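Visitor: Features from TrEMBL:
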type: DOMAIN; residues: 29-110; note: domain 'Ig-like'
type: DOMAIN; residues: 117-222; note: domain 'Ig-like'
type: DOMAIN; residues: 227-332; note: domain 'Ig-like'
type: DOMAIN; residues: 337-425; note: domain 'Ig-like'
type: DOMAIN; residues: 430-546; note: domain 'Fibronectin type-III'
type: DOMAIN; residues: 568-661; note: domain 'Fibronectin type-III'
type: TRANSMEM; residues: 666-688; note: transmembrane segment
type: REGION; residues: 697-718; note: region 'Disordered'
type: COMPBIAS; residues: 706-718; note: compositional bias 'Polar residues'
Amino acid sequence: MWTWSRVAAAGYFNLEEESAPAQLKASVGDSVVFNCKLEFPNDVPIPYIMHWNKGGSTVFSWADGQLTAEEPYKGRVSPAHEHDGTEAFTGAVNLTSIRESDKGWYECRVHFPNRTPSTRLNGTWLFLDVDGGTLLATPPINKTTLEGETAHFSCVTKNRAHRVTWYKDGVPIPEIVELRQRSFVSPDGSLTIAPTAMGDPGEYMCEVTDGSTRQQASAHLDVQYKAKVMYSPREVQLPYGRSATLDCHFRANPPLTSLRWEKDGFLFDPYNVQGVFYRRNGSLYFSKASPRGALRRHRNRKCVDEIHRGRYTCTPFNDLGTEGPSPVIDVRVQRPPVFTITPHNMYLRRTGDSVAMPCDAVNGGDTERPLIVWFKKDGTPLPRSRITMEGGNLTLVDIVDEDRGMYQCVASNGAATISVETELVLENTAPRPPYNLRAVSSTTSVTLTWLPGVERPQTQHSVWFRISDSPQWHVLPDATDLDPSAPYRQSDTPEWRTLRVGDTESTEAMVSGLKAGREYEFMVLSQDEHGDGMFSKAIRVKTAGTSTVEEVPHEFRAAIGSFQQIGPPRNVTVRVTGEGFLVAWDPPAFGVEDLKHYVVRWARGAPDSGYLPSGTDVTNDLSYIIRYLEEDRLYSIFVLSVNSNDVEVTSHPVSLYVPPYRSQRALSVGMAVGLALVAAAVAAAWYLREKQIKRMQQRQDDEANNLPSSNGKDSGKG
């Protein structure tokens with residue numbers, strides 16, 4: 001079977017290359033391409049006319065850039081190819097909706113009206129063989145109609161007894177409510193739609209069947225109509241001082257060619273209005289800066305302003321005209337809301353009391369009130385049975401513990417949304433329990449994280465934990481004999497142990513020193529100045545590895561002792577070096593032959609107050625340098641030995657306080673400078689004193705030397 005794709009792939013036929021006419025074959029309802037060889041004199045394109053003849057008559061022609069067809073080929077013929085050069089047509093013609101009557105010989109002749117002779121030995125002969133099948137005689141063809149007119153699709157069967165079913169876009173037409181009342185199928189199987197509507201375009205397919213054989217053929221319907229407005233809001237609020245768009249909701253087929261806007265009964269031309277521009281779909285765009293490519297004189301204009309207030313209409317046009325203007329759109333300029341009354345920053349109440357939180361706002365520039373709503377900032381809904389809203393004021397009665405928290409009053413209009421916050425604090429109430437408790441476990445430790453029940457300063461947390469696996473027969477650590485009553489006891493329900501988190505702002509803690517392969521139960525308790533709160537929901541976490549404590553049947557009791565597969569690192573020490581903090585240790589007392597590696601962990605906090613994990617690393621050496629620790633912090637450092645079975649054993653923690661070196665250095669430098677200044681002052685005082693003493697001695701010597709000489713002179717004269 002020759003189809004559109006197969007023929008198109010075959011290329012153009014050349015009579016010089018083909019010894020016989022082209023043979024085409026198609027089924028009823030298919031499409032084929034007729035190719036005609038174009039040979040211009042001296043290979044220079046000149047005006048031409050192409051005729052396709054059948055049975056001595058012209059059935060379709062190409063002239064003056066248009067393709068025309070005679071009955072019954074009208075609506076079924078179109079140019080098959082477009083060329084991107086100087087010509088728009090290459091001589092290939094597409095014939096659709098093949099009928100049995102299309103079978104026969106076709107001749108393509110090319111005429112050159114501006115040369116002599118007008119014809120030349122060029123053209124193409126071909127034979128079209130149509131496989132009509134046994135059911136369908138005349139398939140439907142594509143239709144283009146105006147809205148309101150009638151569309152008729154032929155689907156003539158060879159036997160009136162054959163059943164015909166019509167589909168639109170794959171859906172049976174009787175199932176389409178919009179078409180069911182406006183369509184009917186004639187006795188010969190043809191479909192008529194009267195009148196057509198703008199929603200009718202699509203693919204229509206007729207299916208013919210005789211019970212055992214089925215044949216289908218399709219055609220497209222295009223309904224054209226004048227451009228029309230589909231929807232127009234009565235009122236539009238444009239936000240003052242911001243960009244905005246005023247849309248015209250229309251439909252048009254053929255496509256839109258122009259759109260006319262009017263304001264207050266006069267033509268509204270955006271090119272003559274500051275800060276208003278046309279979008280490609282005809283909408284009006286109000287902006288402070290012109291879009292790319294606009295005139296320079298439109299730059300740096302205001303956004304929506306009071307001058308844009310008015311009554312607008314839009315009228316769309318296409319090649320068929322217009323259905324008329326839209327209803328009037330009342331455009332108003334909306335200023336952002338402004339709070340006139342706001343609640344206090346905080347309300348302090350007791351459980352069972354009531355609280356009234358006032359809030360009110362107006363739209364900027366007028367006395368109308370915007371939409372005012374209240375929210376709880378954490379997202380929990382307000383208790384509808386205990387709240388009342390009067391204007392923007394919120395009143396909450398019979399306060400319970402869950403009511404405390406942050407509240408928001410939100411005022412909104414078309415221009416903007418603003419909000420103000422306030423907090424409801426309850427006196428003498430314990431904090432709410434932590435929630436969303438999560439855990440990550442290793443062989444001998446579990447790291448917990450949680451979310452606080454309420455954000456409060458100075459809220460302290462503590463971790464409660466215990467072994468939660470079922471009671472088992474445990475070997476007593478001091479069992480040394482085979483007395484059936486001595487070395488074994490059934491474990492009772494274990495007691496809770498607590499670990500206080502040192503940092504009040506922390507929501508994370510690491511519990512270490514746990515047993516491998518055991519299941520533990522954890523809870524977190526919050527506390528503040530009002531007392532203990534409620535526990536979080538308990539979670540169960542199993543540590544990694546294999547438990548070294550096994551169930552021992554009563555009849556197989558034996559003194560197994562406290563044997564472990566590998567011991568912990570010993571004699572862990574930490575000292576400060578020039579490169580950092582050097583952690584050193586001795587190998588385990590037993591199990592060294594099965595050692596895989598060591599793990600060094602350091603965490604903020606003391607062993608009895610909870611940990612904040614800070615870092616971890618793996619090494620095969622007996623020392624490790626921690627390069628950086630925060631100053632003025634207390635750290636706990638652990639070393640774990642890990643064997644080939646990934647069993648971890650933790651050493652005793654070593655506490656390390658990192659002093660504030662920087663402030664100490666600054667203090668040392670200050671003291672040195674102070675001592676230097678004192679020394680300089682003492683030296684200067686000593687120097688001045690010595691100089692003063694020398695001056696006094698010199699004066700005394702001078703006086704002693706001058707006194708005898710003067711006495712001698714006096715006695716001689718006497």
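Quick reminder: no glycine exception, Cβ is built from N, Cα and C everywhere.
All TrEMBL annotations are machine predictions without curation.
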Visitor: For the domain 'Fibronectin type-III' (430-546), provide the mean pLDDT of the predicted model.
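Guide: Averaging the confidence scores along the domain 'Fibronectin type-III' (430-546) gives 73.
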Visitor: Give the residue counts of the domain 'Fibronectin type-III' (568-661) per reduced DSSP state, in the order helix, strand, coil.
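Guide: Summed by class, the stretch gives 4 helix, 54 strand, 36 coil.
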Visitor: Mind tallying the domain 'Ig-like' (117-222) by DSSP state, helix then strand then coil?
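Guide: Final tally across the stretch: 7 helix, 56 strand, 43 coil.
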